[in-house]
Amino acid sequence: MSAGQLVVVVGPSGVGKDTLIAALADACPDVVVARRVITRAAGAVGEDHDAVSEALFDARLALGQYAVHWAAHGLRYAIPASIDTELLAGRMVVFNGSRRALPAIRARYPEAQILMITAAPEVLAARLRARGRESAREIAARLKRVGTDLPDGAVLIRNDGTVDAALEQMLRALNLSAQSA
Ligand SMILES: Nc1ncnc2c1ncn2[C@@H]1O[C@H](COP(=O)(O)OP(=O)(O)O)[C@@H](O)[C@H]1O
Ligand SMILES: O=P(O)(O)OC[C@H]1O[C@H](OP(=O)(O)OP(=O)(O)O)[C@H](O)[C@@H]1O
């Protein structure tokens, strides 16, 4: 249906999804990173998201402005429908997705390539604490959601070592070479 390629990066909280997406975008400036709409306060540590209220999230949903949307961690997330324009233009589009939302994502984008990022549980815990965005209670809840199943057809990317080592695996999986280093 589209000339471009959609890449969905999934994995447990703290595994490095946002970090690796940013590294990929740095290495390959042609890659489009979808800016997520999230009902999380603006200015939070991590990705630059489009921060909205619940009411605005719903209003945009009713207007058909989302390609896909889901709920997790007491928050709501959406990917803007504008990614379809980028895909039609032949671009590679990447977003930080949700494992539980994969059925909905695949229903709309059957050709999507899924990259599942993984790291040891103790590494996740240490990274979440160091990131400092969530409270101790929220971190405990996120760690419970870890899960280890590899979604069907997904490529596993290990992020136990350096960011560069994980980026290498992503470039290989996507058949890309770094345009800048
Ligand atoms: N390979 C790595 N080595 C060291 N720290 C990392 C690595 N990957 C990510 N981090 C750090 O771990 C924390 C969680 O990463 P983040 O990208 O926010 O994860 P996610 O988006 O999956 O929740 C951040 O503070 C980030 O800087
Ligand atoms: O269904 P799951 O795979 O468990 O994922 C649920 C949500 O958790 C993450 O959100 P968020 O970006 O807020 O947290 P993170 O940066 O700590 O991963 C991920 O990006 C999904 O939006």
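Glycine is no exception: its Cβ is also placed from the backbone N, Cα and C atoms.
Lifted from TrEMBL, the feature list:
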{"type": "BINDING", "residues": "G11, P12, S13, G14, V15, G16, K17, D18", "note": "ATP binding site"}
{"type": "DOMAIN", "residues": "4-175", "note": "domain 'Guanylate kinase-like'"}
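Residues near V15 (ATP binding site) in space but far in sequence (CB under 8 A, at least 6 apart, same chain), listed by position: I117, T118, A119, L124, R127, N159. Around K17 (ATP binding site), the same-chain residues at least 6 positions away in sequence with a Cβ under 8 Å from its Cβ are V9, V10, G11, N96, I117. Around the Cβ of G16 (ATP binding site), 23 further Cβ atoms fall within 10 Å across all displayed protein chains. Other than G11, P12, S13, G14, V15, G16, K17, D18, the residues of this chain whose Cβ falls within 8 Å of the Cβ centroid of the ATP site are, in sequence order, I117, A119, L124, R127, N159.
In the vicinity of ligand 2, defined as a Cβ distance under 6 Å, none of the binding-site residues G11, V15, G16 are placed. In the shown protein chains, 18 other C-beta atoms lie within 10 A of the C-beta of D18 (ATP binding site). For the domain 'Guanylate kinase-like' (4-175), the mean pLDDT of the prediction comes to 94. Cβ neighbours of S13 (ATP binding site) (same chain, under 8 Å, six or more residues apart in sequence): H73, L124, L128, R142, L143, R145, V146.
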